Amino acid sequence: MLEKENIKRNKGKSKIMKKKKGTQLSIDSPNWLLIIIVLCFAAFIMVSPQVYLHSVILGNDIMFHFNRFYETYMQIKTGNFNFFQSLYSFQSSGRIITAFYGADFAYLQGLLLIILKSWFKYQLVSSFSCFFIAGASMFWLTYKCKVRTNIGLIIALLYMSSSAVSYYPIAQAFTGWGAALMPLLFVPAIEALKNKESPIRPLQLAIPVTLLLSTHLLSLVIGILAILPFYVIAFINTKNKLNMIFRLAESIGLTMLFSANTIIGFIDVYLSNKILSPSPISQMLSQSMSFSLEGNSWGNYGLVFTAIFFAVIIYFFLNWAKTSLTSKVIVIVGAFFMLLSSKLLPWNSIPHMFKFVSFFQFPQRFSVIAFVLLLLPFALILQESKLLKDVDKKYYILTLLCALFSIFNVYNLMYDQSWHWNTNDLTAAGNNKSSMIEKDPQKLREAFYNKDLNIALKAIHKGTPDYLPVQKNVESSDVLKQNPYELYTNQIINNNVHFNKTVTSDSKLRLTWTNNSNEESDIQLPIIIYNHSTVTLNGKKLTPNEIKTTQIGAAIVTSSPGKNTLVIGYKPFVLFKIAFPIKILSILSTIIYVIYKYKKNKNNRNIKITKD
């Protein structure tokens with residue numbers, strides 16, 4: 001089908017198709033301003049409950065991500081940059097988060113906080129941006145697949161209102177940001193199937209991979225699994241196999257250059273420590289997707305998407321003989337991930353057979369691929385409706401109504417979550433109630449409006465043990481059995497009363513405390529130690545191996561009588577020092593090269609036109 005559309009598009013390239021009244025925009029020259037306005041309007045509708053209720057949605061993961069972004073905000077504000085340690089966030093515990101979790105995106109959010117100056121404004125802008133970028137990236141995918149503008153716009157509206165995207169604004173689940181960028185990954189994947197002579201364009205593949213790597217690693221892993229069949233089939237079909245291998249290597253090389261700080265930082269910490277694995281979900285079946293007649297939600301495809309997905313699958317199998325290879329791959333991969341995300345599989349048993357599956361935690365996460373790859377062929381089905389003649393306008397109008405229904409479904413979900421903000425139970429939108437330090441509802445509201453962003457972080461202390469180092473002779477599974485959430489709460493959050501923490505001029509943490517006894521004694525500090533940590537205790541340098549640690553890496557030192565001082569920093573691989581220069585130079589060089597090629601091609605076209 002995609003090949004057929006290319007033929008139709010190419011035949012008419014010299015002409016701009018006339019608009020059909022009320023049915024279609026231009027195929028070859030989309031009105032980009034109008035598209036942006038429509039996507040912005042749809043995004044605004046979905047976040048509008050927060051605007052007029054003046055609310056902050058305290059979803060499950062909000063404090064984890066707000067701490068991440070506060071860290072980068074303070075580093076930018078003070079100039080005390082530390083890519084590894086948490087100097088200002090996570091109770092100034094020195095734990096490593098940024099190097100593991102979308103560093104570039106985190107610093108971008110920190111810059112946004114510098115501009116917006118309150119959590120309320122930040123959440124509004126962040127949620128709006130997530131919706132808009134999701135719609136824009138999906139529209140770009142449909143545009144690159146030669147889908148007509150009006151149909152592509154409807155598909156973009158459907159995608160940006162899907163649960164894969166909306167659960168960042170609704171519950172701060174960061175897979176929503178991964179979903180917002182995911183369609184971009186399939187532009188080069190589909191191109192690889194269509195272009196048998198040169199399946200891979202290195203820069204076209206490297207950019208979306210870099211964006212996902214810099215935002216949400218797990219989304220990239222899922223995305224790579226999904227595009228793998230595209231490239232395997234492309235490799236089988238191409239005659240230029242060696243060229244494809246070289247271009248793939250070039251793509252990987254570009255990605256490594258563009259993400260040098262992310263990759264080297266991650267490797268530095270991960271290879272030098274035993275990192276606590278994610279907490280397993282005992283009942284994964286309850287975290288998978290259902291098919292129902294309800295609205296789309298985190299665990300439910302809902303009426304609209306259930307109907308669309310099954311209609312697409314049935315349509316393509318009924319027309320299998322005349323379906324192109326590209327369309328077959330798109331539908332099969334999309335249907336496979338739909339199945340993978342659903343309750344149709346025995347998810348409570350699968351982790352016992354394949355332990356690596358527990359890494360994904362929630363089968364719902366696979367649904368993002370189904371949303372992308374089953375909405376795209378749905379657009380092609382609409383496009384084949386004989387240019388939307390009168391008899392087929394019903395399907396177009398019905399699809400538009402489905403998109404509107406999906407948008408207002410998200411509106412209702414956002415309203416339900418926002419409504420809690422003006423009640424006495426502000427945390428009912430998530431699971432933060434047990435982590436509340438500030439119990440007064442009005443003071444809690446004021447904390448998230450305040451320009452002092454740290455007040456809100458002090459109001460809710462949530463113990464999340466992600467990425468903590470465990471002892472070499474201890475298995476992660478043993479620590480997980482001891483409830484690491486409670487361990488972190490007791491050893492770090494509730495253990496800060498007698499300690500004073502400051503940030504040094506060279507971006508290290510200084511911890512001071514007083515031992516009022518006349519004897520030395522061991523004390524557990526609210527500081528996390530890694531194998532590449534630099535430690536100075538009362539003026540004496542110590543190696544991490546000389547310091548005892550708890551199950552989750554909290555330091556245990558000998559406290560001398562009187563005042564004690566511990567300074568902790570982090571010394572990564574030597575290679576990390578050149579990671580940022582490599583990254584910046586690579587990006588700038590690529591931009592210059594792209595501009596040069598664009599101008600050169602433009603000049604060549606002008607010369608050709610002049611000769612003609």
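Note that Cβ sites are derived from N, Cα and C of the backbone, with glycine treated the same way.
Because the structure is a prediction, the values reported are computed rather than measured.
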100-121, 122-143 - the range that TrEMBL marks as transmembrane segment:
122-143
TrEMBL lists transmembrane segment for one of the ranges 150-168, 169-187; which is that range?
150-168
Highest Cβ pair tally under 8 Å against the transmembrane segment (298-318), stretches 32-53, 122-143, 150-168, lands on 150-168
Winner by Cβ pairs under 8 Å against the transmembrane segment (150-168), considering only 122-143, 205-236, 365-383, 395-414:
122-143
Which sequence positions outside the transmembrane segment (32-53), separated from its termini by at least 6 residues, show Cβ-Cβ distances below 8 Å to it?
25, 123-124, 127-128, 131-132, 135-136, 139, 149, 153, 156-157, 160-161, 166, 169, 407-408, 410-411, 414-415, 417-419, 421-422
Outside the transmembrane segment (395-414), at least 6 residues beyond either end, the same-chain residues with a Cβ under 8 Å of its Cβ set are 23, 42, 45-50, 57, 150-151, 154, 157-158, 161-162, 166, 169-170, 295-297, 302, 304-305, 307-308, 378, 382, 385, 388
